[in-house]
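Here's the structure we're looking at; comments come further down.
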Amino acid sequence: MKKEIASHLLEIGAVFLQPNDPFTWSSGMKSPIYCDNRLTLSYPKVRQAIAAGLEELIKEHFPTVEVIAGTATAGIAHAAWVSDRMNLPMCYVRSKAKGHGKGNQIEGKAEKGQKVVVVEDLISTGGSAITCVEALREAGCEVLGIVSIFTYELEAGKEKLAAANVASYSLSDYSTLTQVAEEKGMIGQAEMKKLQEWRKNPADEAWITA
């Protein structure tokens, strides 16, 4: 599963690896990887594989789920496809409440006491997913956990999720994707070394000259 999803993401260009020409994230951090899972929406076979995989993760880890919640905006489409496959209610959660109308942060129904699983496209530092979890908890829901398409496996993200006391499972991850990229000849040994060094300590830019 992890290798299959990693291959899909690389093949459609949803994930770029540029260890010799780093990306700059909005936080200002230099990174050898950039992930745009929104591209998966344009590839029916890929998005179907993702929906099936997310359904499998949910059934395995959170079998008592009653509602599927997507993170706005990237998680919404995947949450919709998964909820349709599982014949479950769906909602989505904004990063903050609307400034007009009813001022909703949660769109759709997620009622007090209901068991909810959050669908996210990407786990980086875990911030957006945790915002979603907190909003659902404030509404009285029992959040069983998070499922996502991909995770960078950053320690900062793992620590935040642990602090929020929420379980998280991803279809694929950084370690698997870089391995698949090397197997496909997309990166060489020197580039792999840089990718591995970044993974150990993303804040330390020494990996750029590794």
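Cβ atoms are placed via backbone N, Cα and C, with glycine included.
In Swiss-Prot this protein carries:
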type    : residues                                                                                     : note
BINDING : ARG94, LYS98, HIS100, GLU120, ASP121, LEU122, ILE123, SER124, THR125, GLY126, GLY127, SER128 : 5-phospho-alpha-D-ribose 1-diphosphate binding site
BINDING : SER124                                                                                       : orotate binding site
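Locations of recorded Swiss-Prot features on the structure.
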residue: ARG94; record: 5-phospho-alpha-D-ribose 1-diphosphate binding site; DSSP class: coil
residue: ASP121; record: 5-phospho-alpha-D-ribose 1-diphosphate binding site; DSSP class: strand
residue: GLY127; record: 5-phospho-alpha-D-ribose 1-diphosphate binding site; DSSP class: helix
- Around the Cβ of ASP121 (5-phospho-alpha-D-ribose 1-diphosphate binding site), how many other Cβ atoms lie within 10 Å? Please give the count over every shown protein chain. 26
- Task: Note down the number of other Cβ atoms within 10 Å of the Cβ of THR125 (5-phospho-alpha-D-ribose 1-diphosphate binding site), including every protein chain shown.
- Result: 20
- Query: Which one of these binding-site residues, ARG94, ILE123, GLY127, has the sparsest Cβ neighbourhood, judged by other Cβ atoms within 10 angstroms?
  - Reply: GLY127
- Message: Given a separation of at least six residues and a C-beta threshold under 8 Å, show me what packs close to SER124 (orotate binding site) in the same chain.
- Response: THR151, TYR152, LEU154, GLY157
